[in-house]
Amino acid sequence: MTSPVLVDIREEVTCPICLELLTEPLSIDCGHSFCQACITPNGRESVIGQEGERSCPVCQTSYQPGNLRPNRHLANIVRRLREVVLGPGKQLKAVLCADHGEKLQLFCQEDGKVICWLCERSQEHRGHHTFLVEEVAQEYQEKFQESLKKLKNEEQEAEKLTAFIREKKTSWKNQMEPERCRIQTEFNQLRNILDRVEQRELKKLEQEEKKGLRIIEEAENDLVHQTQSLRELISDLERRCQGSTMELLQDVSDVTERSEFWTLRKPEALPTKLRSMFRAPDLKRMLRVCRELTDVQSYWVDVTLNPHTANLNLVLAKNRRQVRFVGAKVSGPSCLEKHYDCSVLGSQHFSSGKHYWEVDVAKKTAWILGVCSNSLGPTFSFNHFAQNHSAYSRYQPQSGYWVIGLQHNHEYRAYEDSSPSLLLSMTVPPRRVGVFLDYEAGTVSFYNVTNHGFPIYTFSKYYFPTTLCPYFNPCNCVIPMTLRRPSS
């Protein structure tokens, strides 16, 4: 709070009669000074003695009215004191206490209120720290000026963010319409064939649009509310700073706390691009393959991995539905001699019937999967297989393998009895592959589940002399292969 020196000075320049700062001070012979209006005959009658000679209201020393003289030194001190505590050109206005009718001259620090001397002695304020309003006015004036500066900077930042969000909102809406038109144009060509698929795609886009707009609008609404609250707070502070001392200090604790701790909450990341762009399929073919995929998925079996067939290079998940390559633990030419590779078989054995399972190969740069004869199992190192062209024969049907695979991140191959292996063309790289075994028909088919179930390759018209097992080889890629339930 204000220095005790100001308190002492104020006491020296306070009129003993009206208890206010001296106004046009007059001094008498004893040295005491009073306001001109308080000590002259036209002032307060209670201080006027008898005609002619009068006595000092403080020490009762007699004096002649004609001996009253202006005290310019005190007048200058009072003027300077007012400038220190209130600012140049400002005057205290007398405001009366609503409860006691006395002048509001004190400020209660604990309650942040302006009170009178009777309030100070009441039970409500007993024991509280009180100060003269002149002492605290300048301090709060400076504090509010700092708060105003900070809050106006926040207001400018809020205005910039508002413009930014509106721009993003417009940009987001502009992205929606051309994409919507493109989807509708593609599907209108075959409206009667695949109307259901079109509506599904439009619904997905609409949901993404609504989600994006909701995020943007929530950020915009939050910013509007923050801006409104900020402006109300700024208006309150400006009103207090421009008003009287009473208006400045009344209920000051609340506004002080709000202004000091107010901080603009900035929005989180706003959507800028579609997560995925629509690819128009060959609708006639898509309808056919979708029906085919739906048919084979009805033969789904819950395949699990057999840990007893897993190589030391591999780690299986506890549920035995995921396998991951962790690096070779055997080096040198002994790999081939010990028939060492990185494959694992399924626990299920198939000697009849139709069976289907799906494998997630997303983000893998190399993999091999399909079926193999149960009497074979792992036979050689994949690293050697990738480097030695003649090793392809080890994965051919004549060797008991009906498999396809990925090499070098983009080469998809079917390992037929021909040499070299058959290079496959993929318009959409498969993140999930479906495997369908029809034992009696002698076929093993592979489906690109990622691309609506389009066929990848089919080994057909084979005679399976032995029981078959699902075959999985994550190769030397650390990304796992995972067995999935259809549509999961």
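One-based numbering along the chain as shown.
Note that Cβ sites are derived from N, Cα and C of the backbone, with glycine treated the same way.
Range annotated as zinc finger by Swiss-Prot, chosen from 92-133, 428-469: 92-133.
Looking at 15-60, 153-198, 199-244, the stretch flagged in Swiss-Prot as zinc finger turns out to be 15-60. In the predicted model, the coiled coil (134-248) shows an average pLDDT of 84.
Of all Cβ atoms in the protein chains displayed, 18 besides its own lie within 10 Å of the Cβ of His125 (Zn(2+) binding site). Secondary structure of the zinc finger (92-133) per DSSP, as helix, strand and coil residue counts: 5 helix, 11 strand, 26 coil. Each of the binding-site residues Cys97, Cys119 was scored by other CB atoms within 10 A of its CB, and the lowest score goes to Cys97.
Same-chain neighbours of the Zn(2+) site beyond Cys97, His100, Cys119, His125, judged by a C-beta within 8 angstroms of the site's C-beta center, are, in sequence order, Asp99, Glu102, Leu104, Ile115, Cys116, Trp117, Leu118, Glu120, Ser122. Of all Cβ atoms in the shown protein chains, 14 besides its own fall within 10 Å of the Cβ of His100 (Zn(2+) binding site).
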